[in-house]
Each structure stands twice: as C-alpha cells, then as structure tokens.
Amino acid sequence: MGNESLLAIGIFVLTYGLIIAEKIHRTIIAMIGGGLMIVLGIVSQHAALAHIDFNTLGLLIGMMIIVSITAETGLFKFIALWAAKKVGGRPVALLVVFSLITALGSSFLDNVTTVLLMVPVTFSISRALKVSPIPFLISEILMSNIGGTATMIGDPPNIMIGSAVKSLSFMDFITNLAPVIIIIMVLTLLILRFIYRKQLTTTDEAREQIAALDPSSEIVDRLLLIKSLAVLLLTISGFFLHQALGLETATVALMGAFLLLLLSGEKQLERALHQVEWTTIFFFVGLFVLVGGLEETGMIRLLAEQVIQLTGGNLAPATFLILWMSGFASAFIDNIPFVATMIPLIQDMGQMGVNDLEPIWWSLSLGACLGGNGMLIGASANLIVAGLSGKEGYPITFLRFMKIGLPVMILSLVISTVYIYFRYLT
Amino acid sequence: MKNLTYEVNKSQIYLKEQDDAGDCAFMIQAKTNDALNRLRQMKIFFESDKVSTDILFYPQKDKVYQVIVRKEVYTAFIVHLFQLQLLKTVQWNGIA
C-alpha cells in the first residue's frame with residue numbers, strides 16, 4: 001500500500017468521522033475532504049469531475065424545482081384534507097391514509113419534502129380530532145423511508161444506484177422493490193395500529209369538525225395547479241420511458257422542471273431555484289470526489305477483494321452481507337456516503353467474478369433505505385419530523401423513536417432477506 | 001381574553017369566539033371576496049411562521065374559516081385581524 005493510498009484512506013476516514021460527529025455541517029466536511037483529494041494530488045481535477053455523477057445531481061435538482069412549484073398551489077394540503085374527510089376523521093383510518101400518502105409521496109418526491117408537506121397538516125388534523133399527533137408522525141417517518149425505497153427516484157441511494165447501473169431502468173426498480181415494500185408497509189401499519197390502539201380514539205363532535213372541512217379552499221392557484229400536474233405527469237411518464245427514449249433520468253427531470261418554469265413565468269424562477277437544497281447537492285459533489293480518491297488509489301478494489309474473500313465469492317452470502325451491513329450502517333450514519341462507497345465496491349466485485357450483481361444492488365437499496373428507520377439519526381426526514389414535533393410541544397426522543405423504529409427496521413430486513421432469497425437466489 | 005376587547009367590521013366578516021379545550025376557537029365568515037382574500041393572506045402568514053400549531057386554520061364551505069388560536073398568541077391574532085381591517089377597534093381594558 002503506497003503513501004498515496006494511505007493518505008486517501010486517512011482523508012476518507014477523517015471526513016467520515018467528522019460527518020458522523022455532526023459538529024460541522026456535513027456539506028462543508030465533504031467538500032473539504034473532496035477538495036483535499038485534489039489538492040494533495042490523489043485525484044486530478046479532471047478525474048474528480050469525471051467522478052461526479054451529474055445524473056444524480058440533475059435528477060435531484062429537477063425534482064426539487066418541480067415539487068417546490070407544485071407545493072405553492074396547495075395541492076398537497078388539498079390531498080391530505082380530502083383524505084381526512086373521506087375517512088370521516090376516524091383516527092385509525094386516518095393513520096392508514098396519511099401513511100399511504102406519505103409513502104406514495106416519498107416514492108416519487110424527496111422524503112424530506114414529503115414530510116415537510118405532511119407534518120403541518122398532521123398537526124392541524126390531530127388537533128381538530130383532539131388526538132396526539134405522535135402516532136401519525138412516527139408512522140410518517142417510517143413510511144417516508146419505506147415508500148422512498150420503492151422507486152428509482154424515491155430515495156438518494158436509489159437515485160445513485162439507478163444512475164451508476166445503466167442496465168437498471170425506472171421500471172426495474174418498481175417491479176423488483178415495490179412488491180416487498182408493500183408487504184413491509186402493511187406489516188408496519190399493523191404494528192403501529194397495535195401499539196397506538198389506545199391513543200387512536202376521538203369523539204363524534206371532533207369528527208364533525210373534519211366533516212365540515214372544505215379541502216378545495218386549500219387550492220390557491222388553480223392555473224398553476226393544472227400546469228404543475230401536467231408537467232408532473234409528463235415527467236413521471238418520462239421516467240417510465242427513459243430507457244426506451246434513450247434519455248437519462250436527470251434529463252427528464254430537468255426538462256420537466258424548466259418546462260414548468262417556462263409555463264409558470266419568470267416570477268417563479270428565483271423562488272424555485274432558491275428552494276433547491278444546494279447543501280445536499282454540494283454534499284453529493286464532495287462525496288463523489290472523496291470516493292473517487294479511494295477508487296483511483298485502488299482502495300475500493302482492495303475492499304471488494306476482502307468482501308469476496310469473506311463470502312467465498314458466493315452470491316447468497318455476499319447479498320445478505322450487503323443487505324444487513326447496509327441496514328445497520330444506515331441506521332447510524334448517513335446512507336448517502338455509505339452508498340457512494342458501496343457502489344464502486346459492488347462494481348469491482350462484478351469485475352472479480354461475481355456474475356449476477358442484480359440481487360446485490362437490490363440488497364444495497366433495501367438495506368440503505370430501510371435502515372434509515374432504525375434510529376432517529378438514520379435519515380434526514382426522521383430528524384426533521386422530530387425537530388418540528390419538538391418545537392410544537394410533542395418531543396420525539398431518540399429512545400422513544402428507537403423503541404419502534406429498530407424493531408420495524410429489523411423486521412423489514414428479515415422480510416427483505418426472505419424476499420431476496422426466494423426471488424433471486426433459489 | 002377578558003381584558004382585550006374588539007369591535008368586528010360587520011360589513012366584512014361575521015365572527016364568533018368561544019373556548020375550545022383551553023384554546024380560543026373563532027368561527028369567521030367572510031361576507032365579501034375581498035374579506036376572504038384577506039383571511040387567506042392571514043392564513044398564509046401564520047402558516048409560514050416558526051410554529052405551525054399556534055394558530056390553525058380549518059377552511060369550510062361558504063367562505064367560513066374555523067380558527068383555533070393558542071392563548072399565548074391570542075393578542076397577535078387579534079392585532080392581525082385589526083391590521084387587515086377586519087376589526088374596527090381593539091382595546092385593552094383595566095390596565096394601568
């Protein structure tokens with residue numbers, strides 16, 4: 001192992017450690033770590049640029065723009081109020097529909113955006129029903145991570161995997177991941193229903209208040225709503241057809257975003273671009289360069305060799321190792337840097353003779369996304385909901401969440417293990 | 001709140017206030033489209049502030065909003081109605 005390799009490992013471990021410590025913003029750490037890889041000559045600037053996956057970045061930016069403009073119309077509030085009214089304000093039914101809305105929303109939109117849209121409505125409806133918002137909020141956290149696993153654009157790990165593995169299409173993600181996600185969702189809801197059975201009761205008077213709601217009042221700009229829905233539909237159709245059209249998902253998302261900006265007028269441009277989470281985008285940039293440094297020095301290849309040695313080069317043990325390791329790692333650390341490191345490692349395993357990588361990709365996706373449910377610090381959406389809830393006087397502590405999140409995560413990984421075994425390994 | 005009184009602008013809104021589980025519940029009906037727009041502005045204002053649950057708006061049919069206001073932000077809510085000219089007067093009673 002040369003000096004360059006040791007230096008690359010040193011920068012990587014230090015950066016990872018500082019990201020986990022959360023004392024300094026993760027974006028600053030990742031960018032400095034990536035920058036050091038270039039400054040110290042481990043990776044050239046040209047190679048660093050080549051390591052940045054612009055498809056992942058473009059897809060994220062495009063979807064952030066579309067969602068921020070669509071949210072302005074009041075559509076998401078309308079859907080939540082309409083659903084609450086449809087189920088007659090019955091708390092158990094409401095838990096199910098809010099969970100389903102969150103899961104569905106997270107499968108096509110960013111998880112953080114989805115929970116930011118759902119949480120205020122949840123507070124509003126639970127107050128009207130005079131029930132605690134905690135069961136709904138915990139369920140929304142869990143469902144945002146579960147639902148986000150079902151599609152290629154639902155969660156950053158899937159976006160990264162989809163971008164890195166060109167043979168996997170948008171439809172491949174749905175057909176391979178959605179079945180197991182539906183099973184996990186149903187079981188999680190049954191568990192939550194059992195745990196919170198005593199809290200999910202209300203009075204007829206409170207339910208009448210929900211019945212009196214007029215969800216259509218939430219739509220504040222009907223013309224923009226029509227334009228947003230049309231573009232959203234067109235963009236999602238584009239995702240389904242991206243391979244047939246020979247287009248990358250980033251092209252589809254960015255074309256959708258700028259078409260919507262063209263239709264909605266320049267007044268939306270500044271605001272929509274301001275709403276893009278640039279901290280997340282630059283976090284990705286830093287990480288791609290950082291992992292690029294490890295790749296350039298052959299460290300990823302060395303790690304892949306270790307994994308193959310550990311599993312004897314057999315597909316089944318390698319698949320389950322990736323699934324469970326990803327799950328537990330993602331419960332404690334950010335799944336984005338973890339997946340950024342695992343992608344080249346798995347690609348190297350392919351070059352070393354592991355023939356069918358598909359089960360390993362699905363294991364990485366399921367582990368990294370579902371692992372986020374294990375701990376409160378496992379995903380950004382978890383922390384955002386907990387932060388909002390605490391501010392409103394309903395604290396979701398680390399332990400309170402872990403008591404539900406960890407069993408749900410372990411159950412999810414067990415179900416995923418069985419699913420992967422029977423679907424791909426027998 | 002006993003020491004804060006107000007006079008409703010009856011040409012713009014109908015307003016009824018009552019206690020609701022320790023908070024104050026207002027039933028406000030806009031009588032004009034202009035008043036309805038002002039209520040919507042107020043909803044956007046309070047929904048975009050730092051705390052979501054201090055003032056909750058529930059839209060109903062016939063230009064009606066049910067608004068649930070926590071005691072600690074009661075004054076801010078009344079002053080905002082006054083600022084939007086949906087109240088004609090606001091007055092403190094019994095203060096030095």
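Even glycines carry a Cβ here, placed using N, Cα and C.
The following features are taken from TrEMBL:
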type	residues	note
DOMAIN	A:16-367	domain 'Citrate transporter-like'
TRANSMEM	A:6-21	transmembrane segment
TRANSMEM	A:28-47	transmembrane segment
TRANSMEM	A:59-80	transmembrane segment
TRANSMEM	A:92-109	transmembrane segment
TRANSMEM	A:173-196	transmembrane segment
TRANSMEM	A:223-241	transmembrane segment
TRANSMEM	A:247-264	transmembrane segment
TRANSMEM	A:276-294	transmembrane segment
TRANSMEM	A:314-339	transmembrane segment
TRANSMEM	A:360-384	transmembrane segment
TRANSMEM	A:404-422	transmembrane segment
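Among residues of the same chain six or more beyond the transmembrane segment (A:404-422), those with a C-beta under 8 A of the stretch's C-beta atoms are 138, 141-142, 146, 179-180, 183-184, 187-188, 191-192, 195, 316, 319-320, 323-324, 327, 331, 359, 362-363, 366-367, 370-371, 373-376, 378, 382. Between the transmembrane segment (A:223-241) and the listed ranges A:59-80, A:92-109, A:173-196, A:276-294, the one holding the most Cβ pairs under 8 Å is A:59-80.
With a cut-off of 8 Å on Cβ pairs spaced 6 or more residues apart, the transmembrane segment (A:314-339) and the transmembrane segment (A:6-21) reach 3 or more such pairs and are scored as touching. Ranking A:6-21, A:59-80, A:92-109, A:173-196, A:276-294 by CB pairs under 8 A with the transmembrane segment (A:247-264) puts A:59-80 at the top. Between the transmembrane segment (A:92-109) and the listed ranges A:6-21, A:59-80, A:173-196, A:276-294, the one holding the most Cβ pairs under 8 Å is A:173-196.
Within the same chain, residues 92, 95-96, 99-100, 103, 134-135, 138-139, 142-143, 146-147, 149-152, 158, 162, 358, 362, 365-366, 370, 404, 407-408, 411-412, 415-416, 419, 423 sit at least 6 positions outside the transmembrane segment (A:173-196) and bring their C-beta atoms closer than 8 Å to a C-beta of that stretch. Predicted-model confidence for the domain 'Citrate transporter-like' (A:16-367) is 90, expressed as mean pLDDT.
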